[in-house]
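According to TrEMBL:
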type	residues	note
REGION	B:1-85	region 'Disordered'
COMPBIAS	B:11-20	compositional bias 'Basic and acidic residues'
COMPBIAS	B:64-81	compositional bias 'Basic and acidic residues'
REGION	B:97-144	region 'Disordered'
COMPBIAS	B:104-118	compositional bias 'Low complexity'
DOMAIN	B:321-415	domain 'FUZ/MON1/HPS1 second Longin'
DOMAIN	B:469-568	domain 'FUZ/MON1/HPS1 third Longin'
Amino acid sequence: MATTATKSVNAKLVLLGDVGAGKSSLVLRFVKGQFIDFQESTIGAAFFSQTIAVNDATVKFEIWDTAGQERYHSLAPMYYRGAAAAIVVYDITNPISFTRAKKWVQELQGQGNTNMITALAGNKSDLLDARKVTTEEAQTYAEENNLFFMETSAKSATNVNEIFYEIAKRLPRAQPVQNPAGMVLMDRPVERTAGASCCS
Amino acid sequence: MASNSTSTLHLDNDNNHDDGQNPIPNPNPSSPKTSEESFRSLTINEPDDIDKEDSAALANGSMDPDHGVRDEIEVSGDLKESVPGAEAAVVAEIVEEEVEGPSERSPSPSSSGYAGERGSSGGGIEEADEDDDGGLTVEAGSDSATEMQDDAFMSWRKRKKHFFVLSNSGKPIYSRYGDEHKLAGFSATLQAIISFVENSGDRIKFVRAGKHQVVFLVKGPIYLVCISCTEEPYEALRGQLELIYGQMLLILTKSVNRCFEKNPKYDMTSLLGGTEAVFSSLIHSFSWNPATFLHAYTCLPLAYSTRQAAGAILQDVADSGVLFAILMCKHKVVSLVGAQKASLHPDDMLLLANFVLSSESFRTSESFSPICLPKYNPMAFLYAYVHYFDDDMYLILLTTSSDSFYHLKDCRIRVEKVLLKSNVLSEVQRSMLDGGLHVEELPVDSSVSSGTLSPHLGPPPVGIGGPAGLWHFIYRSIYLDQYVSSEFSSPINSSRQQKRLYRAYQKLYASMHDRDTGAHKTQFRKDENYVLLCWITQDFELYAAFDPLADKASAIKICNRVCQWIRDLENEIFLLGASPFSW
């Protein structure tokens, strides 16, 4: 009952990016705290949900981890339509994936959903020796396009929770509560603890 | 007589009197005086090859003495008149060089430069499979750690069974072994052979070069080729190419043809990115999964009421706008339901299950992915919701609507609740442990075989083979489009032996369904490995393998008993009623 003051926000979040950029790895690190060296290709899109507590609200992310394969590109709108946030992922060791990321940003901006929060994630930041995309280049691009930018590493868990928290903070608080309050109340205590462990 | 619907092999009586005691295989049985040609022993694998040989031999007769290799070309229709012998010989020769001859290119060390590329890594995964692929040579094993995988390498050439997919402009799309991109020259050669024959208004079906068989399948702009020295029948290899094509359609739909209409030089490899495991798993199933040639599916044995409970909740879900609801355990069906008038082809099920089982990503979380069922509608995507309940058991919900994920997710939650409450999940796990039918449990006295028999009581018996030397059987119900296969028992323990038996069945199946000579009713054949008995009626097909010393009369008796046994157990081993199949 002490939680009645907090707001609950449901947020659809989609991950986009080239094959092998590390979308699934980021999600698995965020949702399950796991990392697998040889992550298999995603088929279609995988669905995850994760709830975190930010300031005065709990945010329940409904995450679509899309496949990077070319054949699924035309299906991407199915997953990003109506999304509150998107993380466009590239691999800092692979310039092609950065180019591909820019195309995704363009496509998202072309959709006209101005409220969508878009993050740019330069993944595999642990592979400093193999870096091909400089932080400055990506940072500049992000500023020009009104994205927020972080370099992440799913392997070393660097900035993974942070990027999701940053998105959660930026989500509009005024979002109408979609679920009847009575239903949501049951979930809140659980969600809070899950969120707390994520923060630490 | 054999075909009448009482489904008892009456023929045995006739034969017992005649030659039932004679265990010697008889290539040309002189004695079958039954009304049907009852027991036709075949010792020749591919009679149709031989038939066609006269025409082909004419064509390439000039080559034989020189090379000591028998080359045959079979082309459909009237090519034998339209193509001069010399030209046909050229075609055969090209293939022979590529497959068997000394390499015309020196092995280039630089070929391994793309060590990490997708094609070679896909090949690497499979090598474990290939090691027992009909007994592979030492060389293949020794290069399993390397990536020297293109046509310049002997190790690549020594592979027993190659599969290639290429476009009609000769661009490589898929190769079982090696990196497609490095096989551009080889692909172009295959394309040249196909188009050479096409240019004369004909179609090439296969080329024989020594012990190698090169089988071609043309599907619009996509060419599929198998090069094999496994001695599998042409029909079987062709069926395998059809399945590979089907698997491609499942991933991409037939609309991929449009890419080639726009740009004939289109490079399709990128469209199939990340699916190497799907194809290698399918190709592997060609050597263990009878569904690949029987065109039937198999069920996990379950108590009738358990399967009914699962079917009821799936039906419930299907009524809410789901096209197909399929509950499976590995490759076996627990239950499945289709919306009204929707029917699911067993081949589509095979390809769908293979796709789901071989894609690790489905196990990580619930997924929503476009897939196409080629026999249902090759042009359109359906959307598949896939969720694993445990390591083996998964639910597939198929819908036509791309935005029904949340609905399907709700459906899954409902299904899961019911399955837990009605103990279906635990029953399924128990059945997985118990296995299926064991030949040792075949009721010896037919009078005992009442319907109360359950194969799942007690631990599985130690494999010692069944009565009268029965080692194994496969029973396919024609109306149900389902088959049941006995567990492998002691004489057939190793995977190599199992694969050999599988190939023997495959050959038996092909000879029984030979289009040229018409379908057969029964076949009894014997070689140093087995006695094989096949019996086909309007209702079922039975394939049984016995000890090579088994005698014909008792083998036939046992087959009748197996059929009775299956009928007694059909409630448990088949999915009955409400079947969306076989309309």
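Cβ atoms here come from the backbone N, Cα and C positions, even for glycine.
Taking the domain 'FUZ/MON1/HPS1 third Longin' (B:469-568) as a whole, pLDDT averages 92 in the prediction. Counting residues per DSSP class in helix, strand and coil order gives 28 helix, 33 strand, 34 coil for the domain 'FUZ/MON1/HPS1 second Longin' (B:321-415). Residue counts for the domain 'FUZ/MON1/HPS1 third Longin' (B:469-568) under DSSP, split into helix (H, G, I), strand (E, B) and coil, are 39 helix, 30 strand, 31 coil.
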